[in-house]
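Colleague: TrEMBL lists A:Thr154, A:Lys180, A:Thr191, A:Glu277, A:Asn402, A:Thr407 with the feature substrate binding site. Annotation source TrEMBL lists active site, nucleophile at A:Thr191.
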2 protein chains.
Amino acid sequence: MDRTSPTSITRPIGFRAAGSTCGIKPSGKPDLALIVSDTPCTAAGVFTTNKVKGAPVLVSQKHVRNGKARAIVCNSGTSNVATGEQGLRDAEAMCQTTAAALGLRYPSEVLVASTGVIGHRLPMDKVLPGIEQLAPTLAQGKKADNAAADAILTTDLVRKTALRTVTLGGKTITLGGICKGSGMIAPNMATMLAFITTDVAIDSKPLKLALRAATSETFNRLSVDSDKSTSDSVMVLANGQAKNRAITGPGRVFDRFVETLTDLCRDLSEQLIWDGEGVTRIMRVRVSGAASVKDADRVGRSVVDSPLVKTALHGADPNWGRIAMAAGKSDAKLKKDTLSIRIAGMSIYEHGQPTKLGLKPPAKLAKAMAAKEVQIEVDLGLGKASAEWLGCDLTREYIHINADYTT
Amino acid sequence: MDRTSPTSITRPIGFRAAGSTCGIKPSGKPDLALIVSDTPCTAAGVFTTNKVKGAPVLVSQKHVRNGKARAIVCNSGTSNVATGEQGLRDAEAMCQTTAAALGLRYPSEVLVASTGVIGHRLPMDKVLPGIEQLAPTLAQGKKADNAAADAILTTDLVRKTALRTVTLGGKTITLGGICKGSGMIAPNMATMLAFITTDVAIDSKPLKLALRAATSETFNRLSVDSDKSTSDSVMVLANGQAKNRAITGPGRVFDRFVETLTDLCRDLSEQLIWDGEGVTRIMRVRVSGAASVKDADRVGRSVVDSPLVKTALHGADPNWGRIAMAAGKSDAKLKKDTLSIRIAGMSIYEHGQPTKLGLKPPAKLAKAMAAKEVQIEVDLGLGKASAEWLGCDLTREYIHINADYTT
């Protein structure tokens with residue numbers, strides 16, 4: 001896998017992109033993006049599990065059901081969530097206008113995503129003309145990649161892109177991805193959007209399986225603030241232009257593709273957590289010894305979501321008891337007498353007993369807690385399942401950003 | 001019910017209390033409290049559901065199992081949690097020394113609680129002599145009440161006491177209570193301790209039922225920061241000195257007692273949320289129309305724990321979409337099309353459609369969000385179950401307090 005290429009979303013063969021300002025955001029920042037394949041694609045999506053789903057999520061779920069799509073239209077600034085029947089009509093209208101502007105036969109060939117404030121109607125008098133004006137500017141190359149990547153951001157501070165190539169059956173396959181954060185980020189698709197293009201030839205069923213496998217180990221195991229957005233969507237378009245022998249099911253080639261897709265998603269995930277709202281340092285929580293992967297996930301999530309662990313991380317405070325508290329409050333099977341905790345490789349709690357380091361945390365532990373990335377290991381000592389989670393600190397800046405967002 | 005009496009924990013007949021500084025806290029603030037009945041009591045306790053329980057919790061659970069106890073000893077400053085076998089020996093030693101100092105026959109007549117930093121051993125060379133010196137100072141009256149109430153505090157800013165009287169079978173029954181917060185406060189007994197004395201005559205089984213009923217509607221329905229402490233304990237001692245005909249089971253008198261106990265616990269709960277770490281305003285979240293009380297609780301908890309709802313409350317931001325998001329992310333049965341939301345009595349989202357007020361939040365909605373207490377109603381429109389939760393805002397001060405606690 002090559003990780004060093006400079007641009008992303010239009011590097012796979014046969015994709016074009018565009019991004020611009022149609023006027024949704026009062027700031028005048030870019031707010032409309034288009035990603036299009038020149039030829040038909042297999043497509044897959046993974047969407048928020050929140051029961052209050054945004055209209056674009058409902059529409060995209062419907063459009064992707066047949067495993068086919070060719071374009072993605074996305075606006076930022078307003079999420080088109082909790083907007084009732086009107087919201088559904090607006091999301092459908094975005095697909096219709098995009099299809100018409102691109103000369104596609106069916107609006108269902110278009111997937112749609114919106115991100116931003118909840119509960120406001122989209123300014124359709126800006127969005128629809130915006131799409132018509134944007135379509136003729138679709139292009140390949142760095143400028144187009146960056147324009148699309150910028151137009152999907154909300155409170156994000158930096159653009160997030162990733163690129164991977166892999167050789168499958170003698171053909172070079174390229175995958176490009178862009179994503180946005182940066183608050184309301186939690187397991188099972190928090191406020192995040194990720195769009196992935198690839199020129200691999202793959203059937204829709206294995207593409208769906210591959211996307212599920214990749215997201216479950218990456219986007220679904222990170223949390224900025226434990227809130228789960230109503231808009232989260234990860235979408236992939238695969239147009240087959242790399243001319244590999246099509247992947248039709250399980251096997252070595254499929255596994256290699258999943259591995260590459262997972263690696264791309266992990267890259268985007270890490271960019272996403274680092275750009276979490278107000279984040280100054282991150283934690284990588286490795287849970288092992290769990291009775292099941294589900295239990296490992298419960299403990300991982302509980303630790304990265306705990307406000308007291310997050311503030312201890314922020315304060316570089318080796319107050320490891322909070323990690324024990326957070327592990328213990330989860331629903332996972334857990335016995336105090338088999339629980340062990342390590343920070344930055346230092347054992348501080350072993351089988352329910354504090355170690356010498358735990359009883360009197362030394363300066364080197366405080367120093368380790370002050371690193372940009374802190375490694376926390378929680379060994380439940382009960383089984384063989386494990387999971388790795390990414391979390392971040394909770395800061396005054398997070399509160400500043402979120403106490404003053406709409407008004 | 002009379003709510004206006006001036007002191008609390010020694011107002012029921014036959015109780016004495018004391019509080020002092022034995023030297024656990026570097027600050028020199030009070031850190032040791034004793035509450036004792038002159039005569040044997042029925043007793044009950046409700047304890048944290050965290051799987052990493054503090055040693056004092058394990059010891060008190062054992063001591064209260066027979067429904068009898070006579071004294072409570074509590075220290076603040078160090079929680080004696082995650083301290084292994086040594087921690088259990090230390091908690092037992094506190095009970096033994098207390099029993100000896102009070103002339104009680106069995107250490108199991110003493111319940112014990114500790115609150116403060118996790119993972120440090122108690123300084124027993126200070127705690128045990130402290131208990132011996134404190135016992136002779138046990139007294140009745142305001143000074144003793146306040147000394148005990150002060151000695152159980154950690155980062156709390158204010159003392160929390162409550163008093164209720166009720167007439168049962170022609171006898172005046174008095175209940176006194178003290179509690180401490182103020183972070184790591186969440187459902188199912190977060191870092192909170194509450195000690196309740198009463199002179200009611202009641203058997204141990206109905207006392208236990210009464211305490212469970214009262215806590216499930218009060219302490220278990222508030223959350224400062226979603227973290228669930230390893231030490232939470234609510235304990236009640238009932239010595240029968242009011243000479244009412246003993247409550248032995250269900251009935252009108254039992255119900256009246258439960259009602260009074262619940263009212264006392266609610267009073268303490270509200271003091272607790274107002275003194276939550278860094279709190280500037282609170283939210284009262286009334287969930288109705290749920291398919292079950294469990295579902296109403298899931299939604300209530302999800303809303304009060306959501307960092308984005310909490311920061312919106314802090315910023316007096318009528319960003320009601322975050323309430324819809326928080327309701328939707330819970331595990332409760334919920335349909336978007338039957339969901340309604342009101343803030344301060346104003347309908348902003350009805351049956352899955354935003355109202356005019358919701359689409360363009362007026363100035364009066366922003367003004368209502370800026371109140372000290374904000375009423376939020378979430379109607380799931382599915383059933384008849386309801387629950388009321390208390391939550392608070394998330395502030396920079398919370399982060400300041402918790403980023404710098406141990407070090």
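Along the chain as shown, the residues are counted starting at 1.
The backbone N, Cα and C atoms fix where each Cβ goes, and this holds for glycine too.
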Colleague: Reduced to three states, what secondary structure does DSSP give A:Asn402 (substrate binding site)?
Modeller: helix
Colleague: Using Cβ atoms and a cut-off of under 8 Å, determine which of the binding-site residues A:Thr154, A:Lys180, A:Glu277, A:Asn402 neighbour chain B, and list them by sequence position, or give 'none'.
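Modeller: In terms of proximity to chain B, the binding-site residues that count are A:Asn402, given in sequence order.
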Colleague: Please list, in sequence order, the residues in the chain of A:Lys180 (substrate binding site) that are at least six apart in sequence and whose C-beta is under 8 Å away from its C-beta.
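Modeller: Those within reach of A:Lys180 (substrate binding site), by Cβ under 8 Å and sequence separation of 6 or more, are A:Ser76, A:Thr115, A:Ile152, A:Leu153, A:Thr154, A:Asp156, A:Lys160, A:Met192, A:Leu193, A:Ala194.
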Colleague: What is the number of other Cβ atoms found within 10 Å of the Cβ of A:Glu277 (substrate binding site)?
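Modeller: Neighbour count, Cβ to Cβ under the 10 Å cut-off: 29.
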Colleague: Do you know which of the binding-site residues A:Thr154, A:Asn402 has the most other C-beta atoms within 10 angstroms of its C-beta?
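Modeller: That would be A:Asn402, with the most Cβ atoms nearby.
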Colleague: In DSSP terms, helix, strand or coil for A:Glu277 (substrate binding site)?
Modeller: coil
